[in-house]
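Asker: Please see the structure below; I have some questions.
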Amino acid sequence: QDRPIKFSTEGATSQSYKQFIEALRERLRGGLIHDIPVLPDPTTLQERNRYITVELSNSDTESIEVGIDVTNAYVVAYRAGTQSYFLRDAPSSASDYLFTGTDQHSLPFYGTYGDLERWAHQSRQQIPLGLQALTHGISFFRSGGNDNEEKARTLIVIIQMVAEAARFRYISNRVRVSIQTGTAFQPDAAMISLENNWDNLSRGVQESVQDTFPNQVTLTNIRNEPVIVDSLSHPTVAVLALMLFVCNPPNANQSPLLIRSIVEKSKICSSRYEPTVRIGGRDGMCVDVYDNGYHNGNRIIMWKCKDRLEENQLWTLKSDKTIRSNGKCLTTYGYAPGSYVMIYDCTSAVAEATYWEIWDNGTIINPKSALVLSAESSSMGGTLTVQTNEYLMRQGWRTGNNTSPFVTSISGYSDLCMQAQGSNVWMADCDSNKKEQQWALYTDGSIRSVQNTNNCLTSKDHKQGSTILLMGCSNGWASQRWVFKNDGSIYSLYDDMVMDVKGSDPSLKQIILWPYTGKPNQIWLTLF
């Protein structure tokens, strides 16, 4: 077994905790799927490499070890001195590889929140987290106390501050801020919904077809409102730091080094899903068959998304790469920039004119012409065309039945939040009640101030060091289209640069465009 990953509460800082979580993520990571880190595929893992340990200490003389199953990042056991304790649902091999040479005991409860909460006689929302809770838990485990209620409560603290924090940037950030400010916190509705949907989000990403989840995942924001996630390009996906391994994408290039027998055992994602969804784009409008007319050659337009799901705004993403409404195909009239897009009978249309690929970044491209779906007109009813791909905001799309903007605050360097001030934007102390800190993230990739959704975050020029300001969205420019990535960056596709707090100095009151360095002044998080 590798050496344990260590964290001490003594002299702990938000920085020492951040380093601990990063080391843990690194140890748990198996590979990347859709550019998002994923736990190892269990079929490629030998049983003896299945477990890792984390050492949590209050001082040189007071420490415990926690055993984690790398296939699911679950806490399966802990050791205090010469005694170790295994959860009831720990895999049978856990006791063969973890804490051998100690007296091994079985705990009376499972590692699920439902069971732990029953034994603790408290829900997760009632149990405070933070440095003090962790320090207390380490001391209690180390003392060998026999109170099962307290054991369950302590495990709820450790699981969330260690395992859940490794899975989600949102959760590690909550813990980090609590260490920074020296205050305890109780999990909010967003945090609980992430914990409860980790497997659903992981499955959605890995089984996604044409940038779209087979089934929508319903998260909750801090105001207890539903947030529906059904696309890889939904900004909430960027809070995932590690996914559960579900399956390999059907077309994944299998490494030739993997032994054939292992590859055959390994689970490949089904490609049978053909989701039927809306396609949201420019200004949050929907791709719409004009006037509900399904005769060949009728144009496809942008129209406001209807309150109810209606046929002429519903599209089935077929495995043959066609996109169909009412059984007919989304078809480009030609292969030259400016060709209009129409509805057409799939069997009589030129096949290549009906094929589309939806990229993870929200681009919809016709492979034959290499042109992309574009909403050139900002007015409702404007006809869709294919155009040269320039990653313009008017060429950004997000599939899913919920195409409404995701409203959130955005935290960044030094745990400050992005704040609108007239046409400027800078960093200020976070206050979730401040309208100037609320941002609406649209289907077209734009980031808009909720105070005036006609204003978009825009980089002033296409060059390194350009200031980011609020400018009219009606331009639909490339400098107004952003991607929230899992490395924490807010990325401009056209410029291949990211949002950066200038000079790591918030007092300069400037956010600029800069090449990605991965430094803290380029790391952002949607706070739900």
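The backbone N, Cα and C atoms fix where each Cβ goes, glycine too.
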Asker: Can you sort out which of Cys286, Cys329 is the disulfide partner Swiss-Prot gives for Cys305?
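Answerer: When Swiss-Prot is consulted, Cys305 turns out to be bridged to Cys286.
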Asker: Among Cys430, Cys456, find the residue that Swiss-Prot gives as the disulfide bond partner of Cys473.
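Answerer: Between Cys473 and the options Cys430, Cys456, Swiss-Prot records the bond with Cys456.
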Asker: Could you check which of the recorded positions Glu164, Cys286, Cys329 is the closest Cα neighbour of Cys417 (disulfide bond)?
Answerer: Glu164
Asker: In the repeat '1-beta' (326-366), how many residues does DSSP call helix, how many strand, and how many coil?
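Answerer: Each residue of the repeat '1-beta' (326-366) counted once, the result is 4 helix, 15 strand, 22 coil.
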Asker: What is the three-state DSSP composition of the repeat '2-alpha' (414-449), stated as helix, strand and coil residue counts?
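Answerer: Summed by class, the stretch gives 5 helix, 18 strand, 13 coil.
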Asker: Rounded to a whole angstrom, what is the C-alpha distance between Glu164 (active site) and Cys430 (disulfide bond)?
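Answerer: The separation of the Cα atoms works out to 23 Å.
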Asker: In the repeat '1-alpha' (283-325), how many residues does DSSP assign to helix, to strand and to coil?
Answerer: 8 helix, 15 strand, 20 coil
Asker: Per DSSP, to which secondary structure element type does Asn401 (N-linked glycosylation site) belong, with helix, strand and coil as the options?
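Answerer: Its secondary structure by DSSP: coil.
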